[in-house]
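Visitor: Sharing the record's features from TrEMBL:
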type	residues	note
REGION	186-211	region 'Disordered'
BINDING	Gln499, Tyr533, Glu554, Asp612	S-adenosyl-L-methionine binding site
ACT_SITE	Cys639	active site
ACT_SITE	Cys639	active site, nucleophile
Amino acid sequence: MASLVSAFAPTSRRTVTKMVRSSKNAIAPSILQSVSDDIMMDNSAETTDITASSPRKHFHCYLLRSLDPKHPLKTYVGYTADPIRRLRQHNGEFCTLMPERDNKAQDIRKKVCPVDEMPFAAATDTRTKKAQKVNGSWAQMHFDLSLFPSAAPTQSRLLGQRRHQSNWALNAVTPQASHFFATSGFNQSDEKSEPEEEKPESPKVEVVEESEQPAVKIPAKFKPYPFQYHQEFIVAIDALTNLGFGIARIDLDEPHDNPVADGDDSDEASNDPKKWVVFVPNVIPGESARIRIYRNYATYSDADLLEIIEASPDRIEPKCDLANICGGCQYQHITVDRQRQMKTIQVQELFERLGGLKADEFPSVLPTLGTDEVFGYRSKITPHYDAPLKKKGTKKNKDGNYKGISCEIGPIGFKEKASRRLVDVPYCHIATPDINEALARVRDETRQTAREGKLKKPTKGATLLLRDAGDGVETDHNVYVKTTVKDLVFRFKAGNFFQNNPFMLPKMVDLVVDAATIPSPSGKAMTHLIDCYCGSGLFAIGSSSSFEACVGIEVNEMAVEEARENAALNGIENCAFVSASAEAIFDPVTLEGRSDLVVGDFPKETTVVVVDPPRKGCSVEFLEQLNEYKPQRVVYMSCDPATQARDAKYLVSYGYEIVSVQPFDLFPQTRHIECLATFELKD
């Protein structure tokens, strides 16, 4: 694409480079060769070594192979902290600039001047709006009485302009340039260069010819490196990310300069500098697919799935017509058995990669546990709609607000898989039948409310609630509902957190109780339980019959009140609950009304700590206090195995060993995994 002839920084960012002018009739390469020894920097006769390395590379001069055979040699002059990235952002598309006398604002890419007027070209912005903003002077070269270009002051980087006092200077081109011309394959005349030998295509990736692709409008913010907008490939799918997207890897012609740092959760982006990762929805590892690029990031790209070339034997027809676009489900096109197999593998890989554990350092992850209810199981959904009114262009009422203004609501549903746009979802196949029956009514009522001008906040979007508690569907966040788990009754507000799969929940409680009550390695029975992030008291109350005393802690005061009420509702007296952050549980604080339950006095050798944190995992402060207390056992339930694996690394370093790792398929057809890990303190 481009060859870097000179990329170095002077000692001062305010240095002004003096240009030596030469004959107007000289051809480009001759100019560079003849003046390279004479260019002076900082009023010095010394030249800068092209091979010199510096961490501050600001001034750059490039020799570029032209796309136009009439212009065999082009130069680029610019200020940038990352020259290779700058060239790639322009995707190797370089154009000739209009002569300096043409001062009209214009898209300078579209203007090509005769070769005798301007034999050089510069990389330039491709958007008309940007060209107008900088008056066509971005990276423009001046040819006053000479073909040798001096750099123009930039208007697009005002800070850089001030620092350089409007002198965007060209660096010295050293004698090494002569060797470059002799060995690089550039012609020193107007003749076209010999074509380069084509590289063999990767066996995994096939590029779809441009002639087969329809012309489309390119988004203004699209970054054309390393692929063009809507460029198509046929790729092999290697694996899945923890977000449910397929991973394809495409060979680049040259190494990319953005390696992925360890632990980077762009997740599976490759550290191989010649492999570029592309994420694709609705695919299965082992398949080959035709894809189309629509977004490039610093370390990976996103693509649409156009066609499955070679299908997996585990591919099935989705039950939902919206499965390919709706972000609610990621795996409806995959058999349930394969879904659970992939979730098991994913948890294993997370514990090895993020947990820093070797496969032989902990037991293999157990097969993902699920139930037969793979559709119609979800007892709560929260569809959304966007703001039906825009403040701009909408007149306020006589009271100075937007109340009472009739409006129309757009889609009511969930976000698309790869964007923030909403998909209209009139029926959700993973929700319970009662929820779907209520959903049609709620959607109609919400739209009618908007038409009548009765929305409370018509200039804002909103989230609807549908909670199936077994005796009806509740849509009010503040109404209390009841549900039964293993003969225990739990009462909570419909909008509060409570596990949403009533078919799987009893099995999860059973396994938590089993993991907590197993005798210690010394044969002692576990006597005390501490339930951190306890919510409405599910695990503490569910385990209470197996322990002398249970204490739960939760930062949400409303949830703590619900936990206390649930204990009383079920006649349980050996449970107490406190409202505080989880890291405060080990402070020597006497619980309200229970002076006999001081957590710090619990016998450590027979105490188990149950942890069920939010998706972000445990705080470092909590883990440190857990280490100081050193209970015999930690039973860790997580809704995100990635943060669980991260926290496992801490626990192992504190002297705990992993006894078991059990994933749950709490939400079939989706990427979500619930996972239970048990840690035992070593002797």
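Including glycine, each Cβ sits where the backbone N, Cα and C put it.
Where the annotation comes from TrEMBL, it is an automatic prediction and has not been curated.
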Visitor: Near the residue listed as 'active site', which residues of its own chain have a C-beta under 8 A away, given they sit six or more steps off in sequence?
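Guide: When sequence neighbours closer than 6 are ignored, the residue listed as 'active site' has Pro614, Arg615, His672, Ile673, Glu674 within Cβ distance under 8 Å.
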Visitor: Given the recorded S-adenosyl-L-methionine site (Gln499, Tyr533, Glu554, Asp612), which additional residues of the same chain have their Cβ within 8 Å of the Cβ centre, ordered by sequence?
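Guide: Checked against the 8 Å cutoff, the neighbours are Phe497, Asp531, Cys534, Gly535, Leu538, Phe539, Pro613, Met637.
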Visitor: Between Glu554, Asp612, which of the binding-site residues has its C-beta surrounded by the fewest other C-beta atoms within 10 Å?
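Guide: Among the binding-site residues Glu554, Asp612, the lowest count of other Cβ atoms within 10 Å belongs to Asp612.
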Visitor: With every protein chain in view, how many other Cβ atoms are within 10 Å of the Cβ of Tyr533 (S-adenosyl-L-methionine binding site)?
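Guide: Taking every protein chain into account, the count is 22.
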Visitor: Long-range neighbours only, meaning 6 or more apart in sequence with Cβ under 8 Å: which ones does Gln499 (S-adenosyl-L-methionine binding site) have?
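Guide: Within the chain, Gln499 (S-adenosyl-L-methionine binding site) has Cβ neighbours under 8 Å at Leu505, Met508, Leu538, Leu666.
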Visitor: With S-adenosyl-L-methionine as the bound species and Gln499, Tyr533, Glu554, Asp612 as its recorded binding residues, calculate the greatest Cα-Cα distance and give it in Å as a whole number.
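Guide: So the binding residues stretch over 16 Å, Cα to Cα.
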